[in-house]
Structures are given as C-alpha cells and as structure tokens.
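J.: For reference, the structure I am asking about is given below.
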C-alpha cells in the first residue's frame, strides 16, 4: 500500500511540474542546442561521443568552475569571504596541485571514461535527441544521484579516516589544510577510485540517456569545487539546495580533520553526530564575534 501511495505521489508531482512547464515560455537555447546535438550525432560515432565527449565535458567544466576561486585570491574585496584568512594560497601549492590533477585526470580517470561507451551499450542507453529527458526529469535525476553519492561518500570517506589506513591514502588529499577549488580532485589514485565509485552508482540507477552522464558530471564538479573553494560567498545559488553543506562545512573538515565527512548534504553527519565539533566551533565563533561587536560599540 505504501509503495502505491509513493508511486501516486511521484506521478502527481510529475504531472504538476509538466503542467507548469507547459505555461513557461520556450527556451531560446533549445533549438541551437538541438542543432548542435544532432550535428554531433551525425558527425561522430557513439564511441567518440561517449569517450572524448565525456573527457571534454569533464576537463572544460572542471577548470572553468575553478576560475572564480582562482581569481578571488587577487581581489582584495573578496578576502573578507575567505574562510581561513590566515592561510592564503601559494603558487607552489597550486602548481603542485595542477600537476597531480593532470596525472589523475589522464592516467586514472581517462581509462575509466574509455569504458563509458561499453557502459551505455550494455545498458542500452540512448543518445538520440528524441529520447532526451525533459529538464525537470534531468534535475530530479541529478538530485537523486547526489543523494546516493553523498551516502557512499560519507561512509567510505569516514573509513578512509581510520587511523590504520589514513596515512596511506586519504592523507594526500589533506595535504592542504586550507583548501582551494582546484584541489577538489587532488587525491591519491586509490581514493579517486574508491570515492569516485559513488559517482557511478546513481548513473546505474537513473541513467536513461547519455546526457545525464554529462549533466551529473557538471553538477558534481560544481558542488565539490564549491565546497573546496575556501570562500563562503553570499548569494551562492547552491545554498538554495535543501541541507546543502557548503564551503564552510567542508572547510572545517580540512582544518579539523575529524567530522563533516559527507560530500554534499548535512544529514548523515547530523544523524551520526560527526558534526558536533563543527557545531561547537560555530558557537564559539559566534560568541567571539558577539564580544568583538560589543567592544566596538
């Protein structure tokens, strides 16, 4: 009975969104996007699209999303939003991070990306424009992927902090106590494989078109680069996502090494109490700020 009720609720929600969507004006970018998509299908093989297309989407998205955080370090006005203001970025660390990223991207992730075509063929995942899901379905699927990945990340990330294995794998990622955006995928190759597995679980569950692969790549990169940015910028649209952890939440994990293990949402840390030190730290900072303001007045 409960399953039927849940199915009815989801179906009603889908119909409601579809009804609202029918009143929205036409997206002016839809036709150019359709033309570009069909041009890609006409001129490239599925293997090329799945492999090199996925690589291009990942690399372009990753480094473009890193640009704002990289530029912030040169803007004095933005320094008030830097979370750990006593630990500025250095060229040496950023260059070391960049070199490690290139190695991970092309020698660890690229071989995995080469399997994308065979994955889509095995599960009979379509590429055609006519089969592409509507925007609200894509948004819902990406959110579902994020929920699944977040659960995987919490428990495996917490395991990687176990004292018996931390120094062998996860310590590499914690080399930077004050993170910056480009450092989001700076990790030991084994960690890239272990935590990266969570990315693919949602794809296996939800994927009904190759476009979800790329949409989820962009969403995941947007989130992980934001939480590693080192800046808590106001009016960040990601803060509108319910239970979103954000940069301040994850920055504390790099500063404290204990707690705040989830990647995207706060609920697993709240359920298991692994955010207790973060909450205590926040209360301490609020009291400190209150006393500072009191003295100033």
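Keep in mind that glycine also has a Cβ here, set from the backbone N, Cα and C atoms.
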J.: Using TrEMBL as the reference, determine which range in 37-57, 100-120, 121-141 is annotated transmembrane segment.
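T.: In TrEMBL, the transmembrane segment feature sits at 100-120.
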J.: With TrEMBL as the source, which of 166-191, 192-217, 218-243 is set down as transmembrane segment?
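T.: TrEMBL lists transmembrane segment for residues 192-217.
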J.: Can you work out which residues elsewhere in the same chain, 6+ from the ends of the transmembrane segment (60-79), have a Cβ less than 8 Å from its Cβ atoms?
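T.: Result: 85, 88-89, 94, 105, 180-182, 185, 217-218, 221-222, 225, 229-231, 233.
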J.: What are the DSSP helix, strand and coil residue counts for the domain 'Fatty acid hydroxylase' (144-274)?
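T.: With helix first, then strand, then coil, the domain 'Fatty acid hydroxylase' (144-274) has 88 helix, 3 strand, 40 coil.
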